[in-house]
């Protein structure tokens, strides 16, 4: 038998690649600011039901390994929610939901729970004096505290210890054409509307006088916000927000104010305020206000949450080869921090594993690297991720390597000792099957088997539906007997949008059977999915009486990377279904040898590429005819020739005499045995006994019931047999295909 190779597409049977199917979150947990005493509800929802949905939390300055699980409420493994009570000791916390598909998992973007609070600035109780010439526009700012959510600024004018609230749009006090009557005491305070907290009052004494007539700015730059080393005020706002820049220049006479930008024409802009509605990235840059050669500058930055441009596709790598995941182009302001997750756990970067903002490079892929890889990018506005399913195809292992690694108990040197009992035959089960979607109602299974223990005569496929509320229905068995050298098979007639489990059973040379491990739950999703490009079958060549070599080429051509290839073949004279063979080597394979074919027979072949959720189109069919058996092989089965005997051989006459003598001795012994047996037989049978001779049609009923097992996989000691005396064909024919009822019990389901 040709060497057997293991091809286990690790995890690809469990869940498809994110970019190729619609497995995603339709609802994420959203960040929220809440006061003490509130109950906050986070929700998550996915398109494809998972085996389970869980929640976890971490502090904002966490490391990626410091997540802690917390219980939530899940509905039908599609929707989950988490209710958090905000207490007095609650701190800002990140919450994230995780959906599990077998051993792999996908995590949502984290949501931040921020406790409403306000931290007064050190200068919130300050008192200051501001002077300005008359007939100017006076612009005054109030020091804003650190507040979540941003505080609301209010202004009052105090006259004779009586405060009167002043309308102040946008938290800035603006007095147009100020006169001496506007001189007085002005008070501002900040209030957090959620926490109901407020800062102490900040007092400004305004004096309108002609004592100071030169052009100047009323307030220092740091009254407006952070200032860099060049004295430029930093202003940041979210995209689509409105930005207002206030120029507080005064003088006598009042100066003319103009605005400018390093890239834009602002010749039309005049006045003490410059409004930028619906801020965009094109609006970024440094703005200047100029008044009589006095200038003040602002640097405006448009804040953007992270986002990935482009979508990552399937990634498949052979064990030991390079694997690269490219997440596309990253956008965001401020520049996002990037980290990588594998099955919801942080990837440890270092020797052999490197990453930058968009590319993960694994020097030598291992099976432990298989699963869902996610690239997360986060800044102060939120997080975004992209991801894919990384498939790792294990190295090919030959039969000889299996035998070398087999347990020593199978080849114990003590088996010849007389005092030891004879060991039962070793039944090595098939491997856990890998599942790939072929259509809305069909899948293809592939498996492997170690060539140790008793030989396998054939395989059977079993499957069952699995529901969330139970372990699933009874196992169903496909009727087809699959050849011992075939390790792939197609199951049709399944129900779309349903979870299934599959397993492979082997029937051995002693007619016993054993099932392999069942697959993880596989969701057969209905719909169309992006498929890989069709391979081109370039050459089909017979290389022996029972084997043919196939070669092909494959180009991505804008499609997705396949997980591997399947070969379909059948005899040219047949109109039946195709045999299917999975190709070892995964996506990198470009040739395969198909064995166990009939000699001197024409076969047709075609090939297709596949992912976990979509096969490509079939290649064009090519044919090849296996070699005829050689003359030596034919002559070995022919009758002996009349050639002269070789030197030293016995003469033909002598050989003939010896044979005749031996035959005479055997005949004599047989006659003696029959005579002795007849002498011991009773003279007459009992009344009512069945005569030895047959009936009218030659029927001889069996004296002892002989149990016939209709199915080789029927368990020992079961009730599935029939007794020979109850078979109603009366020995008149040899048609073993006729159905017979069983007398010993109800029908059972067999493999």
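Just so you know, the numbers here start at 1 and follow the chain as drawn.
For all residues, glycine too, the Cβ spot is worked out from N, Cα and C.
Owing to the predicted nature of the structure, the values given are computational and were not obtained by experimental measurement.
Segment annotation: TrEMBL labels region 'Disordered' over residues 629-648 (candidates 629-648, 649-668, 669-688). Per TrEMBL, the range carrying the annotation region 'Disordered' out of 330-355, 356-381, 382-407, 408-433 is 408-433.
Residues of the domain 'Ig-like' (306-398) grouped by DSSP class, helix first, strand second and coil last, total 3 helix, 54 strand, 36 coil. Secondary structure counts, DSSP: the domain 'Ig-like' (120-204) has 6 helix, 40 strand, 39 coil.
Counting Cβ pairs under 8 Å to the domain 'Ig-like' (16-114), the top-ranked stretch among 120-204, 226-301, 306-398 is 306-398. Residue counts for the domain 'Ig-like' (226-301) under DSSP (helix as H, G, I; strand as E, B; rest coil) come to 3 helix, 38 strand, 35 coil.
According to DSSP, the secondary structure content of the domain 'Ig-like' (16-114) in residues is 0 helix, 51 strand, 48 coil.
The average pLDDT computed over the domain 'Ig-like' (226-301) stands at 92.
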